[in-house]
Amino acid sequence: MERGRISAQQLMIMMVLFVLGDTILVLPGSTAMLAGKDAWISGLLTVAAGLGLIWFYAAFQKRFPAMTLVDVSVNLLGRWLGGAVSFFFLFGYLLLLAASMLRVLGDFMTTHVLPNTPVQFIYLLFLVISVKAVRSGLETIARTAEIVFPWVVMLITLLIMFVVPQSRLYHIEPVMAEGIKPILAGMYIFLAYAFMEPVAFYMVMPFVRLRQGKGLRKPLLLGSGMGGLILVVIIFFCLTVFGPVITRESIYPSYLLAKKIELGEFLQRIEVIMAITWLFTLFFKLIISFYGTCLGAAQLFKLKDYRLLTLPLAMILMVLPDLLAPSVIGISEIGQVYPLFDWTFSVGLPLCLLLVQLVRQKMKRSRSSEEQGALPQKGEPR
Amino acid sequence: MWGVLASFGAGLLFAGYELPRLLRAQRKKEAVIFLMFLAIGITLCVLHALAVPLPSPYQWLEVIYGPLAERIFAMLQ
């Protein structure tokens, strides 16, 4: 299937890029819509809660080493039920995630950068390199991530450095004036978008080459923690530069932030250079979920080569983003419902699988103790 | 019209790229699955190019998760 192996460091970098993903572009707006001026607090709380979630993913993967989520569910639930569950995970969740990435990208490009270009051409161009990336395999994706990562970090650092002078703390005062409920509402969407969508890494984590005694936990936690903190910083500066109202009303507050960059008279209008940041991060979120879909489908249908499915799935991905919603507004409205979808697959599904495994182990143990005859624990209630 | 032609053209191109290798290696089952996915892809592309209204996956999500989401938001307000 996949012969490539990636290192723990590469996993960490991919995790940072994935967590930033489309969220760096849209999350400040949607979190501020729910949490108002306290969005940054709900961001901080979310990072804490999200690290717990990531810890759970690592623990799950440790229980089933060298198995993707598809392997695990087929092994535990059987060919048919497990196959159906994996089918929904792959073509319901991962493919839809990839389509959503394309849609966010297409909306952004057509509204801000290339207003006269039909959106299909933007999808097409992006899909061509995505297919190329997925066909090249996981190792290539990981190495590309290593090349791209410093640029993303540098651009984000520049962005933040340049807007610091324009931030005014009175925009976010008084802190927590509306109580805890808006903060929780902000967490609801932030947690799902930033820390539940990395469930796509269940298709990548089995291919991480680990050194003796090292676990997946450290790179995953470091990567997602770093990504999450960057998001919080960006939300914080969106709020302090624009105030909660503009942040809430705009669809791409980070882009608005980039437009604010001004160094004297000579360094202006460099927002499109800043936009490279989310082109990169969106690209990685897209290809990792696309890769997961192809690999998982190949495992599900027992194909020798997952590359076979890249081209047909790319054709489906040409259409799917357009179908999602009629307009940009529809895309941001789905933010109320989509987190629950994330919950189902990132927490619900692994928990169910763990439960099944526990029950099976117990049944096996009680059966084997019955076979051995009169053992002392036989009569014990379990 | 161009969309329809492009969809069929792309489909043919992809099949021409992948199929010979598969058939030479006698991997018939994989060829069938590939063609299945390709057929779905071409169908979707053609229907979309002809502006046939197709269902939106987000609408299904609304139907499935909408009531629960509403209850959660009612709790948080």
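Counting starts with 1 at the first residue shown.
Each Cβ is built from the backbone N, Cα and C atoms, and glycine gets one as well.
According to TrEMBL, the feature transmembrane segment maps to A:12-34 (among others).
Annotation comment: TrEMBL describes A:40-60 (among others) as transmembrane segment. Tertiary proximity for the transmembrane segment (A:40-60) is limited to same-chain residues at least six positions away from its ends with a CB under 8 Å from its CB atoms, namely 31, 34, 172, 175-176, 182-187, 190-191, 194-196, 198-199, 201-202, 205, 215-217, 220-221, 224-225, 228-229, 231-232, 235-236, 239, 346-347, 350, 353-354.
Within the same chain, residues 21-22, 25-26, 69-70, 73-74, 122-123, 126-127, 197, 199-200, 203, 279, 282, 285-286, 289-290, 292-293, 296-297, 299-300, 313, 316-317, 320-322, 324-325, 331, 341, 345, 349 sit at least 6 positions outside the transmembrane segment (A:80-105) and bring their C-beta atoms closer than 8 Å to a C-beta of that stretch. The annotation transmembrane segment is assigned in TrEMBL to A:80-105 (among others).
Summarising the annotation, TrEMBL assigns transmembrane segment to A:117-135 (among others). Beyond its flanks by at least six residues, the transmembrane segment (A:117-135) meets 102, 105-107, 109-110, 141, 144, 283, 286-287, 290-291, 294, 307, 310-311, 314, 317-318, 321-322 of its own chain at Cβ-Cβ distances under 8 Å.
Taken from TrEMBL, the feature transmembrane segment applies to A:147-165 (among others). Taking Cβ pairs closer than 8 Å, the transmembrane segment (A:147-165) reaches residues 13, 16-17, 20, 24, 230, 233-234, 237, 241, 254, 257-258, 260-263, 273-274, 276-277, 280-281, 284 in its own chain, all 6 or more past its ends.
Residues of the same chain lying 6 or more positions beyond the ends of the transmembrane segment (A:185-208) and with a Cβ under 8 Å from any Cβ of it are 2, 4-8, 11, 14-15, 18-19, 21-23, 26-27, 30-32, 34-35, 38-39, 42-43, 45-46, 49-51, 53-54, 57, 60-61, 65-71, 93-94, 97, 138, 216, 219-220, 224, 227-228, 231, 285, 288-289, 291-292, 295-296, 335-336, 338-340, 342-343, 345-347, 350. Feature annotation from TrEMBL assigns transmembrane segment to A:185-208 (among others).
If you look up TrEMBL, you'll see A:220-246 (among others) marked as transmembrane segment. Beyond the ends of the transmembrane segment (A:220-246), by six or more residues, the same chain brings 11-20, 23-24, 27-28, 31-32, 36-37, 39-40, 43-44, 46-47, 50-51, 54-55, 57-58, 156, 159-160, 163-164, 166-169, 171-172, 190, 194-195, 198, 201, 205, 253-254, 256-257, 260 to within a C-beta distance below 8 angstroms of the stretch.
Residues of the same chain lying 6 or more positions beyond the ends of the transmembrane segment (A:266-288) and with a Cβ under 8 Å from any Cβ of it are 14, 17-18, 20-22, 24-25, 97-98, 101-102, 104-105, 108, 112-113, 126, 129-130, 133-134, 141, 145, 148, 151-152, 155-156, 158-159, 197, 200-201, 203-204, 254-255, 258-259. Annotation comment: TrEMBL describes A:266-288 (among others) as transmembrane segment.
Taken from TrEMBL, the feature transmembrane segment applies to A:308-331 (among others).
Positions annotated as transmembrane segment by TrEMBL: A:337-359 (among others).
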